[in-house]
Every structure is written in C-alpha cells, then in structure tokens.
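Taken from TrEMBL as is:
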BINDING   11, 12, 13, 14, 15, 16, 17, 18  ATP binding site
DOMAIN    6-192  domain 'Phosphoribulokinase/uridine kinase'
Ligand code: C5P
Ligand code: MG
C-alpha cells in the first residue's frame, strides 16, 4: 500500500463537516477510504455519574483523548489496523465495544477541534475548515440533537449559550488560520467537494 493521505476536516458544530466527509467517502471505493471522527475520541467517562457527564464541557480541547487519536492515526498511516472507540451521545460516554478499522489509502479525520493540536495538524496532508454561519449551525444542531442525540430543545439551547458558543469563539474559530482551504457552507458545496476529490485522485495516481 502507498503511504496514505490524511485529510483533516474541521469546523464548528453543525457546519456540515460530517457531510463533506461523507460526500468524499462516497466518491471512492470503500476499501480505499475511511473516516475517523474526533467524536469517537472523547475521553472515557465511565467513572463519572450521568449528571457529571451532562455537565462536562465537550467543546474544550481537554475533552478529547488526543494522545490515543494520534497513536491510532500513526498506526493507520503505518498500515496497521486500529481498535477505534465508539461514542454514544445519548449517554455521554464511550461504549464498551470497539470498532476495528483497517488501514486505507485515504484517511479522513473530521471534528470540531482537529486543527487545535499542533502534533495532529502536522500529520495532515490537507487541512480544511468548513465555514458556515452560526445561525445555520445552531438550527441544524437543534434538529439533529433532538432527533439523533436524545436531547430536548431547552437543553440544546442552554448548552449552546453557556458552552458551545463561547468555546467556538475561543478555540474552534481561531483554528481557521491553520486551514489550507476554507469551504463555505459544507456539504452543499459541490464545487469544493469536486476539487477535493480531484486532489485526492491525483494523490492516488
Ligand atoms: O457533530 P458535531 O461536530 O456537532 O459534534 C461536536 C459537538 O458534540 C460538540 O459541539 C459538543 O457540544 C457535542 N457533544 C454533546 N454531548 C456529548 C459530546 C459532544 O453535546 N456527550
Ligand atoms: Mg458531526
């Protein structure tokens, strides 16, 4: 196998980064590409009560087990398979099971804070920031968190105002400066996705 290419896709919550990752994924045969979500690497919080897990700040760099993420990415880049943790947003914790991820020629790393850590950034061949207006992001998040993540409207709004928004302004938005490419409007931006797919194809040769 050729040395894999690592593409990082950052951006605020609800920006459309998961959609961009999925669109790129769909453009290649599944044995050539994998997606690693930073969400999977939220720290294990099994020792905390449910109430304490609800109160955790999940938008701060310290919420993530970045050491494990870096180790896993190194393994994938070295052609080794990994045992990826699985995250359950409804209980705010890792599941007991893991998922085996086989090494692939194209690795997509997607998450709100993947451009915050220098060691992580330095591993990436292409760094992308998906830039979407905050009003669209909160609307998408509200719909998604109620539908998929077991939340109420009140809890999403309260979390957004007290944690998500301030952390976005302090930690996430500033990482835009590290991006090679800034994509407006995420998954609906077909031109940007076509450009990225062409770049990856060129790498594959
Ligand atoms: O997919 P998205 O980028 O929106 O996922 C990141 C978001 O997940 C963070 O903004 C964080 O507030 C949220 N999160 C949460 N509950 C958890 C873990 C993360 O609401 N237990
Ligand atoms: Mg997402």
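Any Cβ shown, glycine's included, is placed from N, Cα and C.
Given the structure is predicted, the values throughout are model-derived calculations rather than measurements.
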Quick one: of the binding-site residues 11, 13, 15, 16, flag those whose CB is under 6 Å from ligand 1, and say none if nothing qualifies. 13
Counting Cβ atoms within 10 Å across all protein chains shown, which of the binding-site residues 15, 18 comes out on top? 15
Which of these binding-site residues has the least crowded Cβ, counting other Cβ atoms within 10 Å: 11, 16? 16
Cβ-Cβ distance under 8 Å to residue 12 (ATP binding site), same chain, at least six residues away: 112, 132, 134, 137, 168, 172, 173
Compute the mean position of the Cβ atoms of 11, 12, 13, 14, 15, 16, 17, 18, which form the recorded ATP site, and then list in sequence order the other residues of that chain whose Cβ is within 8 Å of it. 112, 130, 132, 137, 140, 186
Candidates 12, 13, 14, 15, 16, 18 (binding-site residues) with CB under 6 Å from ligand 2, in sequence order, are 18
Across all the protein chains here, work out how many other Cβ atoms are within 10 Å of the Cβ of residue 13 (ATP binding site). 23
Return the residues near residue 17 (ATP binding site) by Cβ distance under 8 Å, restricted to its own chain and a separation of at least 6 in sequence. 9, 10, 11, 110, 111, 130, 186
Collapsed DSSP category at residue 17 (ATP binding site): helix
